[in-house]
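Colleague: What TrEMBL records for this protein is below:
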| type | residues | note |
| --- | --- | --- |
| DOMAIN | 7-76 | domain 'Cadherin' |
| DOMAIN | 77-185 | domain 'Cadherin' |
| DOMAIN | 186-308 | domain 'Cadherin' |
| DOMAIN | 309-379 | domain 'Cadherin' |
Amino acid sequence: VCSRSSVRYSIYSGDPDGYFSIDPVTGTIRISSVVDHEAHQSILLNVQATSGDPPAYGHTQVNIGIEDVNDNAPEFDSSTVRISVPENVELGIPLYAAHARDRDSGRNGVVRYRLASAAGGSSSGGLFAVDSRLGHLTLARHLDYETAQRHSLVVIATDTGEPSLSANLTVLVEVQDVNDNRPVFERAEYTVDIIESLPVNSQSCPLTAVDLDTGNNARLTYRLLRNNNDTREGRKVSTTSSGDEEDGEIFGIFPNSGWIYLRQPLDRETRDSYVLTVAATDNGTPAGTATSRVSVTVLDANDNDPTFTRDIYEFNVEENLARGALVGRVSATDADLDVNSAVRYGLIPSNTSFQINPVTGEIVTREPLDRETKPVHEIMRRRETKACLREALEWLYG
């Protein structure tokens, strides 16, 4: 009979990585190298006991379960991701699914998500939220490209082990502009004075509208509304006056700059004011449009000659009248305004027998008249009234 002390123990298979060792005398099994639950959840050792000479053998199996500890932090596929989001995306719609893996088991491998807090509140001012279980990133408040074009978020994945471990994912959010801003004119109504002698194609009034969007959404095209078929945002736009078609023939607008220019000459004596309606439309989809009124006042230019009320004046006077006796009065009118319409009179050529009041047009004698000497006096021979009056003005004013 063999004594207990003559029994020897050994592990002969089941542990190729050498995680365990056995005391050959006592049979105590110990860990000889670090074990990893994620590599092996359990190890089945084949143990042999040997005694006597010749030796006798005994065999048994030892099943060792390796329990998990929270030694692995969650892991994202990358540390940073970029996403692009239109500014009009609805609230609650998943923008991105953050996903982290944890190699641990049980509670140690359960991952929960949250957003890193920013100063004064949640990340990005409470614009975003993340589902704690699914990791879905959503909007808590609407985006506004005009306020901020990009946001940086940090999603934290934390396991539920003790102590918990975590990993961070930086999400860079690029906000895409949508055409959510209509153009706006600097003024609802413009007033401009244009002299009627302004040459054709001259620029007369700059109009400026702004659009807070970007790219094509902010690129504006200007046009004059000329008839009731023009529309704004799907609605008919009433024109400002019955003369809109004519206004469109007189005025034009450069579509890119918004400058109004003359297409035809102006004539204040025919029409002294215009009311134009200008539309600025962006190139987004759907397009936004703004309108503004332009009130044009045509200023007078001295482009009209005076005109006598009659082509020929004939006056009969008695002879031997005293000096300064009234012979008659001539009258001329001018279609211009103010100083341009002020008429002055003069005699052509100068005459020793008569003189004319330059303001009133009254003709008076400068000396007594003698019928026997000269029965008829021609003090102004009308070749052409306008030409004669022009000569008179030159004679008066040098």
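Keep in mind that glycine also has a Cβ here, set from the backbone N, Cα and C atoms.
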Colleague: Please list the DSSP helix, strand and coil residue counts for the domain 'Cadherin' (186-308).
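Modeller: Output for the domain 'Cadherin' (186-308) reads 10 helix, 53 strand, 60 coil.
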Colleague: What is the three-state DSSP composition of the domain 'Cadherin' (7-76), stated as helix, strand and coil residue counts?
Modeller: 0 helix, 34 strand, 36 coil
Colleague: Along the domain 'Cadherin' (309-379), what average pLDDT does this model show?
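Modeller: On average, pLDDT over the domain 'Cadherin' (309-379) sits at 84.
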